[in-house]
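As written in TrEMBL, here are the features:
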ACT_SITE  Asp27  active site
ACT_SITE  Asn75  active site, proton acceptor
BINDING   Asp27, Glu211  Mg(2+) binding site
BINDING   28-32, His44, 72-74, Trp76, Arg78, Arg192, 198-200  substrate binding site
Amino acid sequence: MAKQDYKELLNELDRNKLPVHIGFIMDGNGRWAKKRNRPHLYGHRAGVKALRQVVELGVELKLQYLTFYAFSTENWSRPESEVKGLLRLLKDQLKKEIPELMEQNIYAQFIGTTVGLEENYWKEVSSLVAQTHNNTGMVVNFAFNYGGRLEIIEGFKKFMTMHPEEWHKLTPEEFGNYLWTAGQPDPDLIIRTSGEKRLSNFLLWQSAYAELYITDTLWPDFDKVELIKALLDYTSRERRFGGRNE
Ligand code: IPE
Ligand code: IPE
Ligand code: MG
């Protein structure tokens, strides 16, 4: 059967109800590769296409914030060859995509820690994304060397360093300004591919009221049609934030 045309499906979508911020836990690259008897990294490379499709549709739908979980602080425990391959893939791909990011007026940035990364590597990737920092369109966060618990602890340390006398005044609203996502709205929707039903340390603070969408589709197979399906599901939900919609 021919893959459903995304344009057709798009007609069903209520554009007034779209999420402002979507987070993606891009999982299943390894299983995708395994099914093809290929090495794990082959799956990571294939995952790039899915990411591009999501960004393209994001621009088309004028979504404002997309956050992609690219590498967790726990992913360092993987074989060294995979880690090295992933870091290199990220840098090389970013380099390739800069013209497109500029063309689409996308502001790209990393959220995560530099701990564990070589200084040269870090400098290179941050100067690449810095090229996009006058862009005013969609914001794309790459959660890279990212861990939600670390982000919270680092945020707290930052607050305490800046305002040591004011710890008793800290509120949840205020605390958001000390996280790596400072100034951004919380994700409305978190999409995880490959069927795993967990957050794996992704946006722990920010996901308090996020809608979760889990699909069995493996990340390299995720595409515009899959994203629209997730959005159709999201737009049909009733968000209550602890209140009551009478
Ligand atoms: C997710 O794919 C991508 C990263 C962790 C970078 P996996 O590599 O976790 O794929 P599976 O879960 O083994 O299939
Ligand atoms: C989460 O996937 C991290 C990323 C997508 C970068 P993992 O594959 O690392 O998560 P677990 O180990 O299954 O929880
Ligand atoms: Mg995985």
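Glycine too: its Cβ is placed from the backbone N, Cα and C atoms.
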The sparsest Cβ environment within 10 Å, among the binding-site residues Arg78, Arg198, is found at Arg198
Between the C-alpha atoms of Asp27 (active site) and Ser72 (substrate binding site), the distance in angstrom, to the nearest integer, is 11
Filtered by Cβ distance under 6 Å to ligand 2, the recorded positions Asp27, Trp32, Ser72, Ser200, Glu211 reduce to Asp27, Ser72, Ser200
Hits among Asp27, Ser72, Glu74, Asn75, Arg78, Arg198, i.e. recorded positions with CB under 6 Å from ligand 3, come out as Asp27
Counting every protein chain shown, other Cβ atoms within 10 Å of the Cβ of Trp32 (substrate binding site) number 24
CB contacts under 8 angstroms to Glu74 (substrate binding site), restricted to the same chain and 6+ apart in sequence, sorted by sequence, are Gly147, Ser200, Asn201
Glu211 (Mg(2+) binding site) falls, by DSSP collapsed to helix, strand or coil, into strand
For Gly28 (substrate binding site), the nonlocal same-chain Cβ neighbours (under 8 Å, six or more residues apart) come out as Gly43, Thr193, Ser194, Gly195, Thr217, Leu218, Trp219, Pro220
Filtered by Cβ distance under 6 Å to ligand 1, the recorded positions Asp27, Gly28, Glu74, Asn75, Arg198, Ser200 reduce to Asp27, Gly28, Asn75
Around the Cβ of Ser200 (substrate binding site), other Cβ atoms within 10 Å, all chains included, total 15
For Asp27 (active site), the number of neighbouring Cβ atoms whose distance to its own Cβ is within 10 Å equals 21
Among the binding-site residues listed as Gly30, Trp32, Arg198, Glu211, the Cα nearest the Cα of the residue listed as 'active site, proton acceptor' belongs to Gly30
